[in-house]
Structure formats: C-alpha cells, structure tokens
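Marked as topological domain 'Extracellular' by Swiss-Prot: 26-582. Taken from Swiss-Prot, the feature N-linked glycosylation site applies to Asn38, Asn59, Asn88, Asn140, Asn166, Asn251, Asn296, Asn333, Asn432. The repeat 'LRR 1' annotation in Swiss-Prot covers 54-77. If you look up Swiss-Prot, you'll see 78-101 marked as repeat 'LRR 2'. Positions annotated as repeat 'LRR 3' by Swiss-Prot: 102-125. Swiss-Prot lists 126-150 with the feature repeat 'LRR 4'. The feature repeat 'LRR 5' is assigned by Swiss-Prot to 151-175. According to Swiss-Prot, the feature repeat 'LRR 6' maps to 176-199. The repeat 'LRR 8' feature in Swiss-Prot is assigned to 224-250. Residues or ranges marked as repeat 'LRR 10' in Swiss-Prot: 279-308. According to Swiss-Prot, the feature region 'Interaction with bacterial lipopeptide' maps to 316-319. For 362-388, the entry in Swiss-Prot reads repeat 'LRR 13'. Residues annotated as repeat 'LRR 16' in Swiss-Prot: 438-457. Per Swiss-Prot, repeat 'LRR 17' is recorded for 458-478. Here Swiss-Prot flags 501-524 as repeat 'LRR 19'. The domain 'LRRCT' annotation in Swiss-Prot covers 524-579. The feature topological domain 'Cytoplasmic' is assigned by Swiss-Prot to 604-795. Residues annotated as domain 'TIR' in Swiss-Prot: 638-779.
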Amino acid sequence: MTKPNSLIFYCIIVLGLTLMKIQLSEECELIIKRPNANLTRVPKDLPLQTTTLDLSQNNISELQTSDILSLSKLRVLIMSYNRLQYLNISVFKFNTELEYLDLSHNELKVILCHPTVSLKHLDLSFNAFDALPICKEFGNMSQLQFLGLSGSRVQSSSVQLIAHLNISKVLLVLGDAYGEKEDPESLRHVSTETLHIVFPSKREFRFLLDVSVSTTIGLELSNIKCVLEDQGCSYFLRALSKLGKNLKLSNLTLNNVETTWNSFINILQIVWHTPVKYFSISNVKLQGQLAFRMFNYSDTSLKALSIHQVVTDVFSFPQSYIYSIFANMNIQNFTMSGTHMVHMLCPSQVSPFLHVDFTDNLLTDMVFKDCRNLVRLKTLSLQKNQLKNLENIILTSAKMTSLQKLDISQNSLRYSDGGIPCAWTQSLLVLNLSSNMLTGSVFRCLPPKVKVLDLHNNRIMSIPKDVTHLQALQELNVASNSLTDLPGCGAFSSLSVLVIDHNSVSHPSEDFFQSCQNIRSLTAGNNPFQCTCELRDFVKNIGWVAREVVEGWPDSYRCDYPESSRGTALRDFHMSPLSCDTVLLTVTIGATMLVLAVTGAFLCLYFDLPWYVRMLCQWTQTRHRARHIPLEELQRNLQFHAFVSYSGHDSAWVKNELLPNLEKDDIQICLHERNFVPGKSIVENIINFIEKSYKSIFVLSPHFIQSEWCHYELYFAHHNLFHEGSDNLILILLAPIPQYSIPTNYHKLKTLMSRRTYLEWPTEKNKHGLFWANLRASINVKLVNQAEGTCYTQQ
C-alpha cells in the first residue's frame, strides 16, 4: 500500500510543478511594442526578459548581433516596414527561443544563412531579392509553418531545398522583373497546404508559371491583370485550366483582378469544371461588353462562390443576361457583396441555393418577388441595400418555405400595418431587422416561430400590448431605440436573452424578473436611470439574481437624475425606506407628532411651561417698547424708577421680596412711607410722586381692592396713562382675585385686568429669578437726577 501511495503523491507533485511552470511562463510574457517611433537603430534599453519585440514601421537599416544579444528569451521579432538591406541570420544565434521572425516590406537584397531550427514563422516577402532567398539551412527548419518569400527569379533548384518540409502556408511575392527567365515548373516541388502567389501588379498576366501544386489544398492568386482583347486573358485561363490536375485543391481565391466581362465569365466557366469547391473573387474591376453565350453548369464540384467588391463600367449589354447566369448556378452558397447590383432574377427552376448573401448592393424590396424556386434556401442576407417596405419582404419570404435565417438590417424599412396579411414563412427562426426605420407596430407582425430577433437601432418607443405572441422567442435585441421600460415576458414566455441598452429606460419595472423567469442574460446599461424611489425595487431585484445574468453590471448602470446623483452607480444608490414608503412615512409623522404632543403636555403640567412663555414674551415686549421711547421723554424730570402701591397687609412681601430684588441693581423705588412730603395732602403726594416715577407698580391682592387709598392711586396712575399716552402701569398679581369679589366702583381695575397683561407672582422658587429679571427689565432706565430717597406708599 505504501508504494502505490508514494507513486500517486509523486505524480501529484510533478503535475503541480508542471502547472506552476506553465503559469509562471505565461505570467513572464513581456511584450515591447514601438512601431512608428522613427527609430533608426534597435533600442539599447530593452528589458532582458523581453519575449515579443515589435519594431515595425521605423527607419532601421541595420541589424547586428549586439542589438539582440541579451534578449535570450526573445520568441517573436517583428521588423516589417523598415529599411533593412542586408541580413546575416547569424545575428540570431544567441536567440535560441526565436520562433516568429517578420522581416517583410524591407529593402533586403542579400541574406547570409546560418543554421537555425526553432523558427516556425519566417517572412521575407516584399523585399528586393533577385532570386528566391532560400538557403540549404532552411531545409533544417522542421517546425516551419509559414514561409514568406520574394524574388524576380524562381528556380526549381532553390525550391528543392525545402521540398521535404511540410509547410502550412507559403507566400510567394514575384518581383516586377519576373518572367524574363521564367521556369514554368519551378513550383513543382513545393510542399504546402496553402500557396499564395502575388504577381507583379502593373504588368499584364503573360506568365507560364504552373500554379497547380500537387500538395496544395488552398490556392490564392493576387494581381491578375488581363484586359487586352487580342490575348483574351489566354495566359491566365491556361494557368487555371491546369488546376484540374490537382485533385486536392479545394479553395481558390483571386484578389485584385482587372479583366473584361467576357474573360470574367470564362474564368467562372473554367473553375466550374475543376476540383475547386470554394471559389472567392474580390476587388474586381470589369470593363467591356459581354457576348451572349450559354453557361455550362454541369459536372462541377463547386459548392460556394463569393464575389466581393466589383467595380464596372457602364453596362453596354442587357443586365438580365448576367443576372440569369448567377441566378441559375447549381451551387449551395452564393455571395455577391459590394457589387452595386440593382436586381436579381428568380431561378428558372428549383434552385439548390442554401445560403445567399447579397450584402451591400442596390437591391430593392422587389427582389425575388413571387419567386417560388427558392424553397431550399435556408439563409438570406440583404443587408445594406435599398429595401423600404417590410410588407413586400414578408410576402416574398412566405414562398421560401425552408428559410431559417433572414438578415435585412441596415436598410430603410418601414412597416405601415396597412391590413396586408402577416404571411411570414413559418420556418423562420432568426430575423435581423436592425438599423431600419421600424416602430413598435412591427411587433404586431413577426414570424411566429422566431427564436432570435434583432431590432436594435430603430425607432421603437413602446411595445404594443396586442403584440404577436412569440412563444419560441429566446433572444431579443432592442438596443438603441427609445423604449422607456423593460418589456415583460407575457408575450415572450421563453425569453432568455434581452438587450435593451442605450434606450430611454428611466424607471425599469420592478416585476421584470418575476415576469421573466427564464432570463439568463440582461443588457440594460447606458440608460438614463432616474434614481428615485421607483428604482429601489429594481436594484434590489438585481442583487437577487446571479451576477453573470446582468451584463455590464455595475459600470454601465448609472444615475442620470437627479443632478446630485448623476454618474453614481446604481449599486451605490440608496434611499431610506422612510422616504419611499408613504404608509411608513405617515405612521412615523403621526407617531412623532403624538410624542411631541405628549411631551408638550407633560412640560406644561409639570414645569408650567406656559407661564415661562408668557413671562418671556412680556420681557421681550418691554425691551422692545423701551427702545422706541425717546430718551428725552424718559429723562424729563424722573427721580424714581418705580412708584409702588400696595396694601398694608402685603407690606411684608414688598419689603422682604420686592425691594431686595429691585434695589440691588441701583433701581430707585418710591414708597409713600419713605418719600411722601409731610404737610401735603395724601392726594397731592400721590399725584406728585406718580409723575416723578418712570413706572407705577401695583401689587394686586384681595387686600388691595379693599383699600380706598389704593383705589385713588390706581385712578391717578390710570389717568396719567391716558393723559400722557405712556405705558407706565405694571400690575403684579400677588394672589388671585375673583372677578365677583371686585367692587362695582373698581371698574377701572376690572378694565385694566381685562385689557392689560399683568405679572403673576409664582409660588415656585425656581421661577422667581425669571420673574425679577422681567420686572427689572421693564423699569430699568437711566435717570438724570437720581433721588436720594425711595418712595413707597402703604394703605
């Protein structure tokens, strides 16, 4: 048992170390990119751990060993588009890990070889070599997958040096002088899966080179120019006819073709009868007329034809002829893009077309109208054309009974909902209507079994309630419209992917996730979210779903309103439940008011709060009135701050409470027993000292109303109040006086007590301080001549 366990443990250790080594290797990748930096030499400050070095598009003219000697970890070196003229491969002898070397688009004329075996990618194309730069050392590059060469002379002897290598792709760029000493069989020994030959771009194609390399699966020929009618593109047609010898050839690509219409049809006809299965022609310039001829569609291996970017002169022949050639091709896949095609005929019989792509043309929505011979068609792309009426497309699709995918995006389609039957083909599963002029009415007529629907970049403001019930719809893209809410899944019960970013969604429905139980991907970012109470539940629901469901969260989900929250991520947006729940807010306010009311009632009952409030108001009013009385009026002949009138029964309170608390602040109080002048009548003394006092204080109590002299003093003071218009009466209620106990002849006292505010003597000692402060404030004024005595009267 011990030995097997030890073996297992050892294997685990080895596996862990191997994984760690791989991880460290990946983490140690150091890529240095300095393209287009006007460098004339390889920089000297390169890090020693550099693994990828890109020095393309500079002015480097020389590469020395010392330039890269220290870069022992270098695996990728890109020096294309420089000015290298000479190269000694020995400069890489210390870069034993070098695998990728790109020296294309330089001025190399001479190359000196050195043994190297690690290269997988070597590109010497687009240089100034006379003969192909193939050394015998190249034969040792057993790992070589890509080889780019260039030269004006191609000799079999050079090619034989690498004939035994199984290279995935060979790029051969022929110089402008190619053809002077041409060896037609020079490529016979090339062993590669993909061969790309670039012919001289400015010369007529009059080459004898045999391009039918026996091992080639994919062949690409660039710069084909044959426009001279006397030759009829015979050289190139002869080269194509030899392709029939290579039974392995499956892919043929022609780039940058300039020829006549007749030669173009001849090229198609020759390729039609070769082993080629996939034929692509791009960047074509056509001229001249097209002579009528029958096209032979029989005996072909071709499955797909792609024609891209065609420029032609003004047609001088009926276009229907060329359209009929294309329409009746017996292939499965047909692509014509960027050809300015304005129409396409319906095949004359049931077509084998499975996939048709007419992207970027000038087709109208009348294309294939009433065509019943495309019943096998599965995919149709009419992207970037001149389609305007969706109803016509609907009627056309109805006859394509096998159509599963339709792309009519980037047109000017409208849907008027004008009563035309919604007759989409029942087989349609994928529909792309993006970048058109469609509104929400399009939802009333959609293929019933569609699974993927793309409506982004239209003019949809809302999804009508009476939409077509798309029970099979799984993916819906309505991005870049004007929708104001997330659509529910009532009509889309199988919806799993929704893209609705860049709309006008401000308050997403809180029940979206409840309605769309099958949603697994939601992209709703970059909308003008209004961060208010209505958004809280939606943000909360996002927190309940898996993070990978909401695409772009949280970076693409930010507040747009209010201004104070603009730019804030919805994840960081918070509002208190109190501000958003009306019931809770009402209950909280009611409870708060109740607590305040109870607290106020308690304060009133326990601390007699109303009394304090009244005293404070009186003190404030007194201070306010004092500031508005002219100083001259106050100081005219006053000798006392106050004249005090009280009953003899209350004298103890006056002497023990009132006088000590008022006279300690230099306040002069007039009492009759201290200041009345002997010999004068009592009435004369009362009148005289009331006039010499700033205020008259009356200490009211049940004893006061029983005193006759107190009544006189009150009468004269009240008379003085109305005579001079002053506010000199202060009433102190020492003890409560019931209204019924006041004699009828004391009508002035009744009037004063009912109209004027009086000070009520508090029985609680803690209130005495405020009482005396209020009283002092009401009588405290600066006297010009301070009386030496104090006047008070006792009755």
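The first residue you see is number 1, and the count goes up from there.
Cβ atoms here come from the backbone N, Cα and C positions, even for glycine.
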Between Asn166 (N-linked glycosylation site) and Asn251 (N-linked glycosylation site), the C-alpha gap once rounded to whole angstrom: 18
Same-chain residues near the repeat 'LRR 2' (78-101), Cβ under 8 Å, at least 6 residues beyond its ends: 52-65, 67-69, 71-72, 107-114, 116, 118-123, 128, 135, 137, 143
Between Asn333 (N-linked glycosylation site) and Asn88 (N-linked glycosylation site), the C-alpha gap once rounded to whole angstrom: 49
Across the repeat 'LRR 5' (151-175), average pLDDT on the 0 to 100 scale: 92
Sequence-remote partners of the repeat 'LRR 1' (54-77) [C-beta within less than 8 Å, at least six residues beyond its ends]: 28, 30-42, 46, 48, 83-87, 90-102
Spatially closest candidate among Asn59, Asn88, Asn432, the listed glycosylation sites, to Asn251 (N-linked glycosylation site) (Cα to Cα): Asn432
Those glycosylation sites of Asn59, Asn140, Asn296, Asn432 having Cα within 10 angstroms of Asn38 (N-linked glycosylation site): Asn59
Same chain, 6+ residues apart, C-beta under 8 Å of the C-beta of Asn296 (N-linked glycosylation site), given in sequence order: Gln269, Trp272, His273
Separation of alpha carbons, Asn140 (N-linked glycosylation site) and Asn88 (N-linked glycosylation site) (Å): 17
Asn59 (N-linked glycosylation site) versus Asn140 (N-linked glycosylation site) - Cα distance in angstrom: 32
